[in-house]
Amino acid sequence: MKLLADRRRHPMALVVLLLVALLLTGGAYALFTQTSSAQAETASASDVEEGKKLFAANCATCHGLSGEGSKAGPGLIGVGAAAVDFQVGTGRMPLQANGPQARTKEPQFDEEQTAQLAAYVASLGPGPAVPEEENLDASKGDPAAGGGLFRTNCAMCHNVVGAGGALTRGKYAPNLSDVSEKHLYEAMQTGPQNMPIFNDANLTPDDKRDVIAYVKEVSETPSPGGFKLGSLGPVAEGLFIWFFGLSAVIGLTVWLSSRAK
Amino acid sequence: MSTTQPTTTIGKAANFAETRVGASVLVREFGRKIFPSHWSFMLGEVALYSFVIVILSGTFLTFFFTPAMGEMHYEGPWAPLRGVEISEAYNSTLAISFEIRGGLFIRQMHHWGALLFVAALSIHMLRVFFTGAFRRPRELNWIVGVLLVIMGMAAGFTGYSLPDDLLSGNGLRIIDGIVKSLPLVGTYLSFFIFGGEFPGTDIVARLYSLHIMIVPALLIALIGIHLVFVVVHKHTQYPGAGNTEKNVVGEPVLPTFAAKGGGFFFLIFGLVALISALFTINPIWNYGPYDPSPVSAGTQPDWYIGWADGFLRIVPGWLEFYIAGWPISLNINSAVVVMGGVFGAMFIYPFFESWLLKDKREHHILDRPRNNPTRTAIGVAGIIFYCNMWAAASGDIIAVFFQMSLNDMIYIFRIVFFVGPIIGYMITKRMCIGLQRKDREIALHGRETANIIRLPHGEFLERHEALPPHKLWKLTAFESPSYTPAEPNAEGKITGLEKFRAKLSRFFFEDRVAPVTKQELEASHHDHDSVESNTHKKIGY
Amino acid sequence: MTSKDHFGGGSQLEELNGFTNPGLPEHKPRVADRDPKAAKVAERQVAAWFVLSMVGTIWFIVAYFLFTPGETMQSIRLHNTSIGLGAAVAMFSIGAGAVLWAKNLMSDHEGIDERHDIGGSEEDQAVALEILHQAKEESGIARRPLLRNTLIAALAIAPLPAVLVFRDLGPLPGDKMFNTLWGKGIRLIQDPGGIPSVESERPIKADDVTIGSAYHVLPSGIGDEENAEHPLEEKAKAAVLLMRIDPKELREDPDRKDWSHDGIVAYSKICTHVGCPVALYEHQTHHLLCPCHQSTFDVTEHCKVIFGPAKRPLPQLPISVDSEGYLVAQSDFPEPVGPTFWEINHP
């Protein structure tokens with residue numbers, strides 16, 4: 001067991017991080033509004049060729065000139081187009097900075113370039129393709145069945161409504177509320193970062209669509225009780241009653257026991 | 001009452017009450033009873049009023065809740081559960097939330113009210129501690145207060161577990177694990193509590209009887225005792241001009257305090273209603289039915305159980321060991337030990353302090369926290385000890401939010417567990433002593449007026465203004481607890497315990513700031529005059 | 001300072017440290033006391049709050065019927081928020097009005113109560129003592145130790161039946177802590193959430209468990225009432241996580257080598273700390289994390305604890321493959337699952 005494996009993240013950075021995090025969380029919501037759109041269905045030879053150039057320029061340093069991998073990055077032979085579409089399409093790749101895990105950012109490549117990269121990597125070895133539109137339609141899924149699957153397979157990391165959660169040593173399971181249907185599907189299929197892979201035998205394409213339907217249902221439906229407080233559960237509720245509730249109460253007691261002018 | 005017939009409305013009503021229950025004695029006794037007015041004296045009322053809100057809303061909920069664990073299929077408006085097999089308890093809680101008009105509002109009032117209840121209990125208790133209001137003759141009422149906190153936690157926990165959703169079920173599973181870890185009896189106890197193996201089909205009904213009968217009955221009884229004691233002891237008051245150990249200065253119950261206190265109930269009710277109207281609490285529909293296989297990230301108890309859960313997170317695994325194969329699971333049941341220790345310390349503190357100081361007198365005038373640096377420092381150390389465990393319970397959420405490593409968080413919590421209270425004690429004590437020194441300066445040399453005067457020979461001086469008597473009184477009228485050396489007992493012997501007490505007393509009270517005395521003040525004034533004539537530097541004094 | 005051993009009465013704060021209590025400061029009249037106009041304004045202000053409260057109450061009643069919860073979350077939210085705000089306004093306004101009334105219009109002269117000794121007068125105490133002595137004499141409790149002692153003994157054991165009647169709260173543990181539904185040849189099926197019926201079981205082929213996969217697994221037959229009378233209790237013990245790791249990365253004990261199948265390993269999901277489902281599987285680090293108390297287990301080394309409050313490794317379910325290629329258990333767990341309990345090593 002290595003003590004403080006991640007020294008870079010010094011505990012004293014907490015106060016600074018508080019401020020930064022407060023600023024960033026606001027900005028992050030504005031950034032993650034990308035929507036999925038139809039993907040070019042077939043990859044032409046020229047796509048593969050273009051993709052190869054992009055790969056050599058942007059990815060090869062870590063993943064090897066022909067995707068064989070290196071110490072800095074895993075091999076990509078057989079990961080399929082879905083993995084590329086997810087990693088590049090969410091901005092996780094190319095990696096912005098070393099850290100416990102890749103973070104999302106504004107994608108560096110447009111959809112065409114992403115498709116070209118995907119076509120090239122897919123050409124390296126057979127792997128999962130970018131999902132069919134048919135499997136992404138949340139309205140055709142069963143959110144109740146998806147809920148059962150989500151709670152069993154996903155909620156322990158991502159929280160029951162996909163609010164996210166912590167993993168070991170600085171890794172984390174991200175919030176799912178703004179993730180597109182396509183990226184949700186690809187994540188299940190390819191197991192990005194430390195997420196396990198849910199292949200079609202484990203969660204069939206229909207199961208995955210049900211899961212997507214559930215995630216969309218719970219993140220898009222307004223909470224009947226009022227503001228959600230981040231859906232983080234009792235911790236957020238406890239903080240709220242201490243900071244808002246008790247401040248209001250103390251304000252009232254001070255007003256009540258002060259003398260009138 | 002007089003035999004003449006009353007004519008006014010109030011007179012008639014009073015006559016009715018008098019001839020049935022002898023109300024005049026009550027009104028005479030309590031009608032003009034004096035309550036001191038200070039915002040911090042209202043915190044206990046917040047607890048009382050939120051308890052009333054919880055009782056009222058809880059009664060409503062009992063009419064619709066089904067405390068049973070039979071399985072059925074959900075058919076309500078919440079799509080992500082439609083057709084899913086759930087228990088009757090969960091189904092009825094969903095029905096209260098979605099189908100009973102006002103049900104969700106009252107459920108949220110019940111839960112927010114409960115969170116506020118325990119929070120208000122806590123800060124009320126802190127106020128009592130830091131001002132020394134627990135001292136003789138109020139030690140027993142302090143104990144009643146600690147019992148109220150324990151019962152408040154019990155009420156909260158039994159309620160948290162009733163909806164039979166995934167969150168509450170995992171909470172119960174943790175309780176089951178803690179119970180099973182108890183030496184010798186654990187396994188049997190677990191089977192008795194759950195009516196067999198976990199989760200069984202009995203636990204919701206059993207917790208329900210505790211939650212709606214036993215625990216509230218005990219709470220009401222304890223609150224009754226608490227209030228009777230308040231009446232018997234009369235309220236404490238802060239040091240101030242006119243306030244003595246022999247009187248209570250404040251507002252009479254009728255009409256002023258009754259209007260304020262009664263109005264305050266409505267204010268608190270309104271506040272809880274506002275929060276419940278606008279903010280979701282415990283969205284049970286999100287969690288799904290209890291199932292032993294899934295769990296949600298961020299599975300936490302309500303805040304008041306958090307410290308125990310946090311302790312379970314920071315305790316290292318090597319604390320479990322085996323003696324001839326029999327396990328001693330201190331990595332689990334030390335949580336019970338720590339909780340017992342914290343409450344035990346709270347129970348004995350009033351007696352400990354009185355023993356340590358050899359102070360058996362009654363105290364009705366409160367301490368300003370700075371004027372008892374040791375107690376204040378002990379209190380802050382306790383708060384840090386508690387809050388560290390409390391924060392540890394949300395270590396995973398803090399880690400994600402601040403992009404820190406979960407593991408590093410736990411190492412930090414482990415260190416703070418031991419070091420935090422000690423540092424907190426030292427810093428607080430020094431801060432109190434510093435504040436006392438400041439008070440001393442002000443009392444001795446008066447208020448800085450920011451008026452700079454220039455003496456004929458060119459020296460600059462800031463004019464200090466003597467304090468008005470009531471301000472001076474506030475700064476000087478206190479006793480500073482001091483080291484009491486070992487004294488022989490009636491037989492003329494100094495016992496070992498007495499020596500120990502003296503040692504502790506020296507440790508806690510050797511560093512102190514004595515209050516300003518009249519002689520000192522007069523001496524200082526004399527000094528001032530001579531100093532000023534002697535052209536001594538006084539600027540910025 | 002007065003003597004510290006002085007009982008009762010407390011220190012007299014009339015004089016302390018040489019200073020004399022200056023007494024209550026002079027009472028300052030409020031604006032409303034001096035100016036009848038201000039008093040009238042204050043009065044109207046209070047009345048306005050009370051009127052606002054009525055508005056809130058009426059709003060609650062109207063909203064109760066106007067915005068019924070309906071079938072959608074939006075309509076339920078509208079119902080909740082609108083009646084809630086009505087109640088909040090109705091109650092808060094009464095309070096605000098009452099407090100303003102008390103603050104601005106009721107007398108704000110300080111009242112003073114004298115404190116009296118809590119104990120009764122000396123006469124009271126003497127009489128009380130006398131009564132107790134008399135009771136002692138008349139009952140003869142001091143003179144008749146036989147009565148006293150037998151009564152104490154009787155009272156001491158009398159609560160035992162009250163404890164005993166709770167015996168039937170639950171059955172004795174028996175061997176339940178040591179057995180699960182798993183056994184030789186029982187197929188591993190997927191956990192769909194809840195209890196799967198026998199017809200809907202999805203057994204798992206070894207070939208389908210690719211490297212990096214994690215399957216949440218139950219024993220086949222858990223939905224069969226004859227097999228599992230209390231399926232949730234069985235699930236609470238039998239839940240398993242199935243993972244496939246590159247066999248090169250597995251560091252297995254020689255005597256447990258045949259418990260896995262070609263890199264596929266199965267471990268109990270129930271944490272050995274306090275029983276939360278340990279299911280956060282990181283497929284690159286091969287760590288399993290418990291979301292409740294952060295115990296971390298290393299799957300490559302038989303799930304030994306590498307961080308956190310758990311002590312024992314997660315029990316491993318020995319598995320193999322049947323003739324049709326489906327994964328099956330070789331036996332039950334070789335050790336009890338879940339939190340440590342007293343009899344754990346003494347079945």
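Our numbering is plain: 1 for the first residue shown, then up by one each step along the chain.
Using the three backbone atoms N, Cα and C, a Cβ is placed for every residue, glycine included.
Annotation source TrEMBL lists region 'Disordered' at C:1-34.
Annotation source TrEMBL lists compositional bias 'Basic and acidic residues' at C:25-34.
The feature transmembrane segment is assigned by TrEMBL to C:46-67 (among others).
Remote same-chain residues near the transmembrane segment (C:82-102) are listed as 42, 45-50, 52-64, 66-67 (criterion: CB distance under 8 Å, separation of at least six residues from the stretch ends). Residues or ranges marked as transmembrane segment by TrEMBL: C:82-102 (among others).
Here the transmembrane segment (C:146-166) has Cβ contacts under 8 Å with residues 140 of the same chain, all six or more residues outside its ends. For C:146-166 (among others), the entry in TrEMBL reads transmembrane segment.
What TrEMBL records for C:237-328 is domain 'Rieske'.
In the predicted structure, the domain 'Rieske' (C:237-328) carries a mean pLDDT of 93. Taking H, G and I as helix, E and B as strand and the rest as coil, DSSP gives the domain 'Rieske' (C:237-328) the counts 14 helix, 33 strand, 45 coil.
Assigned with DSSP, the residues of the compositional bias 'Basic and acidic residues' (C:25-34) fall into helix, strand and coil as follows: 4 helix, 0 strand, 6 coil.
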